[in-house]
Amino acid sequence: MPDLPGLPVPELLALDRRHVWHPYGPMPGRVDPLVVESASGVRLRTSSGDLVDGMSSWWSAIHGYNHPVLNEAAREQLGRMSHVMFGGLTHEPAVRLAKLLVDMSPKGLEHVFLADSGSVSVEVAVKMCLQYWRSLGRGGKQRLLTWRGGYHGDTWQPMSVCDPEGGMHELWSGMLPRQVFVDAPPAGYEEAYAEQLRAAIERHADELAAVIVEPVVQGAGGMRFHSPAYLRVLREACDAHDVLLVFDEIATGFGRTGALFAAEHAAVTPDVMCVGKALTGGYLTMAATLCTPRVAEGISRGEVPVLAHGPTFMGNPLAASVACASIGLLLGQDWLAEVKRIEAGLREGLAPARELPGVQDVRVLGAIGVVQLDHEVDMRAATEAAVREGVWLRPFRDLVYTMPPYVTGDEDVARIARAVCAAAKEG
Ligand SMILES: *Cc1c(COP(=O)(O)O)cnc(C)c1O
């Protein structure tokens, strides 16, 4: 293993194991992580050599790493200020970002709450919905309805609407707010399932503040895709029964599914929408909760007419500047052509996985490719198989999947697909 500048790799790993907690991991860690020295374009320079990134650092690095335009936006903003508090102060990066988000998101979403992570943006969304009904004198509407197989983050309210079984948060199911769950959405449109959604919303209407779902693609809850028609069913049933509709577009936003936001596949505007992950092109942590004037005005008419939420790093100028630059890069190119190009490459490259023993399903949508196994993946074997192909993947549960940066060239897409197949085979 080559030493990296600074600490020798073995020493760094020993300290990491001793002191550093990693996502969803034990302490001390049982498997050594790869050490990343730097990243550029779609390549991570690691202690196991250069790897093509098949994960976009969990959906976020859509333009790849070390991008000159994003670097310049960060540098330019650093020269002004990296942060100021947002209470009583405002600044151009935050205002510009809010305007960009309003202009590009489904029509009707006009107000923007800037949060510091996806989970916090979901907390804010839930708070908005509960407070809306409370302000209208209907404080009994406190529960959320969602479908199974979802993922909305790791803080308390988001955990309560994550898939309650087999997911990452099963341990807490007895202590979380008890939400209303319906079956996970089938891939294709089924009228019987639509009927189930309508019936559940009607039955629980008096206690429901909102329905919250990930539109079209359920990410970390199982990488499942469903018919956009269900979003229209939800919109109509929510309108008919006085329930708000929240779309969590933290994974699906900014073009990943082949629409700027997945809600567009159904031409539906939710009352509240969360974005995050790719918002800053993977540079800095920032998320946002958008809402309609109806929600904002409802809250403002209440006994407590303010939204009592204000993270210390709310509206962080550095993150907001990079987010503006990232959105500019996205909209300034034919992003849809790039996503479609990757979609075609993944369809072709992942087709052979269908023939592998132990593979249950292969599915591709936009720049997302998924191979589902009929068993729990052997994470170490699968990761090593991908690394041998020169690719970074992070399988979980029974899934080997990829969502490459949009700048990934055809040869690298083919290489990623080969790595997914190898990981599915070895894992
Ligand atoms: C990642 C994710 C979140 C949580 O975002 P964090 O920034 O990790 O807190 C919430 N919802 C969805 C759909 C996500 O993919």
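The backbone N, Cα and C atoms fix where each Cβ goes, and this holds for glycine too.
What TrEMBL records for this protein:
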BINDING   Trp58, Tyr151, Lys277, Gly310, Arg394  substrate binding site
BINDING   Gly118, Ser119, Asp248, Pro311, Thr312  pyridoxal 5'-phosphate binding site
MOD_RES   Lys277  N6-(pyridoxal phosphate)lysine
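Sequence features, as recorded in TrEMBL, placed on the structure.
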| residue | record | DSSP (3 states) |
| --- | --- | --- |
| Trp58 | substrate binding site | helix |
| Gly118 | pyridoxal 5'-phosphate binding site | helix |
| Tyr151 | substrate binding site | coil |
| Asp248 | pyridoxal 5'-phosphate binding site | strand |
| Lys277 | substrate binding site | helix |
| Gly310 | substrate binding site | coil |
| Arg394 | substrate binding site | coil |
Which one is it: of the binding-site residues Lys277, Arg394, which Cβ has the fewest other Cβ atoms within 10 Å in this structure?
Arg394
Which binding-site residues from the set Asp248, Gly310, Pro311, Thr312, Arg394 have a C-beta atom lying less than 6 Å away from ligand 1?
Asp248
Students should find that the Cα atoms of Tyr151 (substrate binding site) and Thr312 (pyridoxal 5'-phosphate binding site) sit apart, in Å rounded to an integer, by 25
Among Gly118, Gly310, Pro311, the one of these binding-site residues whose Cβ has the fewest neighbouring Cβ atoms within 10 Å:
Gly310
Nearest to Asp248 (pyridoxal 5'-phosphate binding site) by Cα, among Trp58, Lys277, Gly310, Arg394 (binding-site residues)?
Lys277
Could you tally the C-beta atoms, other than its own, that fall within 10 angstroms of the C-beta of Tyr151 (substrate binding site)?
24
The one of Ser119, Thr312 whose CB sees the fewest other CB atoms within 10 Å, among these binding-site residues
Thr312
Chain-internal residues near Trp58 (substrate binding site), provided their CB is under 8 angstroms and they sit 6+ positions away:
Lys277
Other C-beta atoms within 10 angstroms of the C-beta of Asp248 (pyridoxal 5'-phosphate binding site) total 32
Where the record names Gly118, Ser119, Asp248, Pro311, Thr312 as binding pyridoxal 5'-phosphate, the maximum Cα to Cα distance in Å:
23
